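Chemist: Attaching a single structure in structure tokens format; questions to follow.
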Amino acid sequence: MSFGFGIGDILAVIELARKIRKDFADAPSQFKDISLEVRSLSIVLQDIEDELSLPDLDTKQESELKEIVDGCRDVLEKLQRLLSTYGELRSDSRGVGYKAKRIWKRFQWEPDDIKELRSRITTNVAFLNAFRGKFTNKTLHEIKNSADQFHERQDDRELNKECLAILNWLTPIDHTSQQHDFITKRQADTGQWLLDSPVFIEWVSSDSQKLFCPGIPGAGKTMLTSIVIEELMNRFRNDKSIGIAYLYCNFKRQHDQKIDDLLLSLLKQLSRYQSSLPGAVKDMFDLHSPRQYRPSKKEISSALKSVTDLYSRVFIVIDALDECQMADGCRMDFLSEVFHLQETCQLSLFATSRHIPDIEEMFDNSMRLEIRASDTDVEIYLDGRMSQLPEYVRNSKDLQNEIKSKIIKAIDGMFLLARLNFDSLKGKKSPKAMRNALNMLPTGTDAYKDAYKDAMERIEGQLDDERDLAKQVLSWITFAKRPLTTAELQDAIAVEINETELDRENFTEISTMISVCAGLVTVDDEGKIIRLVHYTTQEYFERTRDEWFPNAETFITTICVTYLSFETFNTGFCQTSQDFVKRVRSNRLSMYAAKFWGLHACKASISEKILERALLRFLENQLKVGASWQLMNCNYPVELYVCQGSIPESSPSYYGQFLSRGLTGMHITALFGLETVIQLLLYSGKLEVDSRGRSSQERGFYFDSNTVNPGRTPLFFAAEKGYEKVVKLLLDTGKVDPDWKDCDNRTPLYWAANNGHEKVVKLLLDTGKVNVNLRGSRGQTPFHSAARSGNENLVKLLLDTGKVGINRKDSNGRTPLSLAAENGHEKVVKLLLDTGKVEIDCKDSKNRTPLYWAADNEHEKVVKILLDTGKVEIDCKDYDDRTLLCWAARKGHEKIVKLLLDTGKVDPDCKDYDDRTPLYWAANNGHEKMVKLLLDTGKVEIDETDKFGKTPLFGAVYYGHESIVKLLLNTDAVDINKSDHKCRTPISHAAESGNESMVKLLLSTNSVDVNAVDKYHRPPISHAADSGRESIVKLLLDTGKIDVGYQDDVGLSPFSYACLQRHESIMKLLLDAGKVDLSHKDEKGMTPFWMAAAAGCEAVVKQILDTNKVDLKREVDYWLCPENEWCDHEGVVKLLVGKYADMKIDIPPEAEGHIRKRWPGLLEGT
């Protein structure tokens, strides 16, 4: 361990956790959860401490662990201080000998500050588990801390059911079926041009390269991607150190291809091919599954990094980046995550896309290969399909060649067009008709349009039943809100209007559906997903919907609500998960219909009488609506299982959800914003307009509550979504309570303000019946929400009521001004200040002011505005005893620091809770300009130590900030040999971390003590040898001042540490120095020879034997003793057996028998 951090630090945090646990002994039941959180944290820390008693960490691991443990200590200390506000210690009235008892104050439920700390503790447990997973799966297999504690790798074993369950918990998405579908459609030898290209060959053979392959629509990018994946799989089939993961982006699957989904898919694939489930994944599951949470993006990224580190090299292949969704910056964020992973791991990336400028810009400095349909590939493809043309074509080679030639010429690099053009030739009855069709093949920029139009004209020319079926199929596939399974489409096509159940005899075979669609439809995912042949087909139909499918949305809406009205749903809400699974399996369109009927209805013609009757029949049936609510709020993973064509029999209770029963057709219609349908329901008069859902908890895998909240009326849903017309319609009835509160004490006004719906807010305010200051469960009012969002008009609207509590605090003590300042909303801050009523310097529960939040988030303009008021305390300290200057210096906010220093009202040398100054934080975090600013004040103590004895120089050295080290050294105010509380000096840390240029810089001062020892009497060279820093060992040896034979508290020398860690090159380097005492024994009686032999370093053993300075008889006899459990390395044993032969000494009989048994034949000829 290094840099003032070690086992003792972890033990201190464990002890603090235990102390807090004792304080909870008599706490009210509300504190039970956080007490258990603290216990979990204590257990994980104890596990970490136990494991770290074996191996040392490298610099990177230590830095990561230190940051996590510091976070644990910070949150526990805050919790300890917070407990004092909820209870006080009083002596027992029985006098001396009886323990003091904490008297707890009374309060309702769980305070928000406790909730926040619970969340932070949970996060820290996740980080510790992720770190432990990385450490145990990789580091423990690589690092050997002592000669008597070597570990063998675990034997490969198949993933068991638990592992598969955990992998499916990560994500049910599985791209293997897509890969199988694509590669099975490949014509033999196609795509070989790409695999043989110099660019691809270089990419495969080079580490950490990006290969970007853009192409025009229809060029065959997806098929070539599948060929690349197949090539990688085959090439590295027997190399378990190579990881391969891939993604197929799909514009119709954007709801399940958000950034977390994409990262989880990569994590799942790379975890699947490990011999055992990676610890980082198991720990993430163990942390979140019982609590029914999903991991955060940060946790997923950390786990992905951990698992990627388990491979010597990883390939990631991504197809169709242009189809990856752009909402919330998903596509760019995802690429940034992958690029960042590539910076830290041996990762090679292959990606395809259409020519999209922002994507191409991301790959500016990457290898590049344009994708176009090669003539050779097209010819192979067409040869493979010639048997589908009439007999006169099959019998004429000349005509076949003419067909191939004309199609290749027409497509201009668009593979898809070859398929469409070929399909257009199938019905030609004579050679003349064939040649006429070939001469009419579409070319140029309108080729797709003409090809699709031709296909639709062929569909129109079919028999009436075939034409109608084709149009139904194409309508569903084109306008569906997500990809449909073949089973879902079969059910949809089989629905008969006005029937009360699905007639199984009305099913149409999928093969029939495909055959009537003129080649525009295909089936993917091993027969589960039915789709259009290409996204350009989708684009064509969307542009020409009025021509081909004018009533598609009305038709689909009618089918969906008819389906949801079937008698099978008359039983209503399923009481168990098993019943729910049975329902979904038996009614395959049910989940799609429930989730999306309203979205189709938004674009449908509600005035159609058939649809009107179907809607009323469904929405006025409370049982069927209840069943639909349950299906609609089914959890995302189950919907994916449906998309993949399978529902699990049972699954772990990953989530616990609250579902609101009692929600009516009026609620669901308001949720979709269907004004015309609400008018129908109001006219019908059968549903209560202000009905309120009631709460019930359903434990299980299958239900989600994002859109339902007990106690909400239809007005809530309309207000939250911003459906102005629906809100007005409901208010105009005079039968709704506009100020009704849901179970979280939130009103329609709160939800409208929270989502920035100004017009809805005005409608509600105009009723004169709403409380603008009503606090929700977190203590925030609608005004808090408006200020936080930065919606200036909304803030004005609420201010104009003259009723808002402008300084009202939420549960964390935050005011609207504080929230606006934190988010940098300059105009809102000015608006609030202009009222003259705002408390500018109001402090929250963390003792932080609006100025703090603006500075912390680097909102320079807001900081200036607040400073210009002259009413803010600039140098106040927060909960951590840190000032604004300290935080800004720590984060590198240069402009903010300059603003603060220019006021002349801040102490540039102030200390925080750990006695760390702004200069310390700036140096530690590598902010060079910040360091200069602070040094230029002439008011900072440059060599001041913190609680751990570290100065600013320590952090700069440890984290490799050379320019800052030079700045500090040039001041002549630093002691380069000052030691921290573990007696380690800057060069000790630099030597261990392996930063060669930093060590050179320190040595160049000629003032550094290269033999300074720490509290365990280990000099810098021992740390370097232990960490495998060969270049550092050489640098230190070159000083000529190193005592190579120096022994620490346990008798270990630099050579000993190199042996224990198997750093053979360092062993040789030290031996070559000629100063290793070969007769020296450590406290366990181990000599350098014994250590080298135990480490299996043959070259070093030979070098030691060749010195003739070893007691060979004693050493060799001891080594070959059959009781010696470390007689493990065949090469070393061969050397020793050979040495016996050279010395003409007989091998002891016991050893001989042991060797013959373990390595038969090794003694032959000796």
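From the backbone N, Cα and C atoms, a Cβ is placed for every residue, glycine too.
Owing to the predicted nature of the structure, the values given are computational and were not obtained by experimental measurement.
Below are the features I grabbed from TrEMBL:
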- 16-98: domain 'NACHT-NTPase and P-loop NTPases N-terminal' (DOMAIN)
- 189-354: domain 'Nephrocystin 3-like N-terminal' (DOMAIN)
- 466-541: domain 'GPI inositol-deacylase winged helix' (DOMAIN)
- 710-734: repeat 'ANK' (REPEAT)
- 744-768: repeat 'ANK' (REPEAT)
- 778-802: repeat 'ANK' (REPEAT)
- 812-836: repeat 'ANK' (REPEAT)
- 846-870: repeat 'ANK' (REPEAT)
- 914-938: repeat 'ANK' (REPEAT)
- 948-973: repeat 'ANK' (REPEAT)
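Help me picture where these features are in the structure shown.
Modeler: Looking only at the domain 'NACHT-NTPase and P-loop NTPases N-terminal' (16-98), the predicted model's pLDDT averages out at 66.
Beyond the ends of the repeat 'ANK' (710-734), by six or more residues, the same chain brings 658, 660, 664, 666-667, 669-671, 673-675, 678-679, 682, 689-695, 740-743, 748-749, 751-752, 754-757, 759-760, 763-764, 767 to within a C-beta distance below 8 angstroms of the stretch.
For the repeat 'ANK' (778-802), same-chain residues at least 6 beyond its ends with a Cβ under 8 Å from one of its own Cβ atoms are 112, 747, 749-750, 752-754, 756, 758, 761-762, 765, 772, 808-812, 814, 816-817, 819-820, 822-825, 827-828, 831-832, 835.
If one looks beyond the repeat 'ANK' (812-836) by at least 6 residues along the same chain, the residues whose Cβ comes under 8 Å of a Cβ in the stretch are 112-113, 116, 778-779, 783-784, 786-792, 795-796, 799, 806, 842-846, 848-851, 853-854, 856-857, 859, 861-862, 865-866, 869.
For the repeat 'ANK' (846-870), same-chain residues at least 6 beyond its ends with a Cβ under 8 Å from one of its own Cβ atoms are 812-813, 815, 817-826, 829-830, 833, 840, 876-879, 884, 887-888, 891, 893, 895-896, 899-900, 903.
Residues 883, 885-886, 888-892, 894, 897-898, 901, 908, 944-948, 950-953, 955-956, 959, 961, 963-964, 967-968, 971 of the same chain lie 6+ residues outside the repeat 'ANK' (914-938) yet bring a C-beta within less than 8 angstroms of a C-beta in it.
For the repeat 'ANK' (948-973), the number of residues in each DSSP class (helix H, G, I; strand E, B; coil) is 15 helix, 0 strand, 11 coil.
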Chemist: With Cβ-Cβ distances below 8 Å as the criterion, list the same-chain residues six or more beyond the ends of the repeat 'ANK' (744-768) that contact it, or say none.
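Modeler: Distal contacts: 709, 713, 715-716, 718-724, 727-728, 731, 738, 774-777, 781-783, 785-786, 789, 791, 793-794, 797-798, 801.
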Chemist: List, by number or range, the same-chain residues at least 6 past the repeat 'ANK' (948-973) whose CB is under 8 A from its CB atoms?
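Modeler: Tertiary neighbours of the repeat 'ANK' (948-973) are 2-5, 63, 914, 917, 919-920, 922-926, 928, 931-932, 935, 942, 979-982, 986-987, 989-990, 993, 995, 997-998, 1001-1002, 1005.
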